[in-house]
Structures are given as structure tokens and as C-alpha cells.
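Peer 1: Summarising the annotation, Swiss-Prot assigns repeat 'Kelch 1' to 24-76. According to Swiss-Prot, the feature repeat 'Kelch 2' maps to 80-134. Taken from Swiss-Prot, the feature repeat 'Kelch 3' covers 135-181. Sequence annotations record features per position, and here Swiss-Prot assigns repeat 'Kelch 4' to 208-258. Sequence annotations record features per position, and here Swiss-Prot assigns repeat 'Kelch 5' to 260-307. The feature repeat 'Kelch 6' is assigned by Swiss-Prot to 311-361.
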């Protein structure tokens, strides 16, 4: 009988932060809907997922805690998780926090960065971040500016004339140097920048920061751009060969090799949650849709991180349109294989799936290999248990009587 406590999973959520460092996936923040109320997840909790054993664990955090938020931008440099911006009960944020993920005693302590040079971006959420040369490079997002701060890099959505505050979408670029703790806004040297936007996606390949899609006003986009992170020149909209993904926001873009990007999910222009996956090859300048993905499991405002063997780990997000039916937050982990696994990984998976049959032989393995096998057995035991629980939950939901409106 499986122990439910041992196979616990991080709570359902959307708009959270997630990064991979070493053998672990780290998840913090976000929100969930409870009885039609948006509830932020506790700011003093971080969940870790052991990629080898498939086990989740919750850690209580200390230090200068960020507020409980959604729409923050999380990025990892040298084992430190940096969280910038977001939205909480008090409004939009432009504060920057970090936590060391490589602690020896398992204690995670937040630090708020208050001593820095330069000017940080204006408060915003749903922005993106490129990590390049120990720098955090932020682009876009939705937030507010005062009348004196209005520039061409801002599309106004709403305004409070009494307070001289304007809300809208950004397309500005800001850099935080983690070594010198300095904020700067680089001078864009050329090219046509993307429209202001939020809920877009980004990824880094080489010295280029790619941007895809997002929303401005009532328009969702499917344009692809890159910014040269050395010369600060925009590419302009990239004309691709062949078919392209649909217009969308709240999707993810992940670098999977030196020349390929993986795009998944989002909300399309018709407000329909998406479950499609695409790979963009920057060498051939072509998109290719993956046909083997589970189309019954759409996701939006999720996170997608690259694992040790180039698998994509998608966690959380919503399966519903957050703008109208905000109930379908998820906590299952979708793993998409983008290339063949190593021979060792394939063998470990085979043993893990057939542990009962191979029980008498497993104990004969060398100690180092035995440890890997035992973790993989735990991985598949946990995966099967969670699958059974998910099926039962779906059957229960499907069998509930529906109330029809007259």
C-alpha cells in the first residue's frame, strides 16, 4: 500500500516561479482559486522535486520574505533563485529578492536586495527574463508608470488622472548585474523592437534573447523576435518558413539545444487553453509541431524547465481560461521528452517499471548503481500512485450531477 504522505505533491497553482538547479526542480509562489476567491500561496514555503526519485518536499523559508505574489519573474544564476516583480494584495512590485538554493543544512533564507546602484524597472508583473553573463535581463510586462515616466516603450491601458498614474504594457529592457548589484537600462542600438506586451515567453540561445507572443490590449500575438545581448540590436519580427504556432499568451518557451526552442501551451486569441507543443529550429528558421503530446491536458500560466536529459518539465498552470473560469489550476508534472534518453537512463527506467519481477536480482547490483536503481523504483512507484489518484479524481468529477440552467 503506497504511503500518500510520501507521495505528496506541491499544491495546485498558476503564475508561480520554477527553476531547475542540479537534481532538483524548485517551485515558489503563485495563486490558486478557492471558492471563487484568488488566494496566494504561502510566501514562506518552497517545494522541491527530486528529478531522480520523483518525490516532492515542502521547505519552510526564513529571512526577508517576498510578499505572496503571482506573475513574478524567477531566474537562477549559480544556485541562487532571483525573484523580481509580481502582483500581490497591495498591487504591482518592482522589488528584487534572492535565495541560495545550495545550502548545506537545507535551510532556505530569503534576502531582499535593498542596496544597489541604478534605477530598477517600474512595478510590473507577467514580464520575462533572460540570464546572460551573470546578468538578469528583463523585458516587457504589465504594470504602471507615473505621467512623468511615460515613454514610447509603454502602451496605456487605463489611467487615474487624479493620481497621474497610467497602467499598461511595456517593451523596455532592464539589466541587473548580480556581481555588482547594479541596475541599468541599455541603449538599444538598432532594429525594430517588439510591441509592448505581457504574458509572453522568452529563452536564450547563445547571445540572443528570444521573445514569442504575448498580449497587448485585446490582441494576442505569435511573432518571434530576438535581442542581441551583446550589441543591444533587435532583430525585428523574424519571418519564419512554413507553419507557425497560433497567437497566444501565458505560454512557455524553453531552450532545449544550442539551436532549438520548445514552445508549449498558452491561451489563444479565442480564449481557448492550448496543449500544443512546437520546436523552432533557428538554423532552418522553421517551426515543427509535435504530434505525440497529450492534447487533453492544456496548460496556461504554467512553468517549463529543462531537465538533466533535455526533458521539459511543465508544472502547474491552469487548464481553464483564467479570464472567465478560474478553477482549473493544476499540480501534476508533465514531462516531455525532446530527444532519446541515454542508455543508462533507459535501463534505469526499465528496471524501475519492472521492480517486482527483478526484485531478486536488484540486490546484486554494485552499490553506486543500486542507489540509482532504488531512486528510479521510487520514481515509478510515485508516478503510478499519482496516476491512479488523478484517474479517480477525474472519474469522480465526471460522475457528479451537472446543474442545468433554465
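Cβ coordinates are placed from backbone N, Cα and C, and glycine is handled just like the others.
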Peer 1: Can you tell me which of 208-258, 260-307, 311-361 gets the most C-beta pairs within less than 8 Å of the repeat 'Kelch 1' (24-76)?
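Peer 2: Looking only at 208-258, 260-307, 311-361, the most contacts with the repeat 'Kelch 1' (24-76) come from 311-361.
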Peer 1: Tally the residues of the repeat 'Kelch 6' (311-361) by DSSP class, grouping H, G and I as helix, E and B as strand, and everything else as coil.
Peer 2: 14 helix, 13 strand, 24 coil
Peer 1: Report the DSSP secondary-structure composition of the repeat 'Kelch 2' (80-134) as helix, strand and coil residue counts.
Peer 2: 0 helix, 27 strand, 28 coil
Peer 1: Mean pLDDT over the repeat 'Kelch 6' (311-361): what is the value?
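Peer 2: Mean pLDDT for the repeat 'Kelch 6' (311-361): 91.
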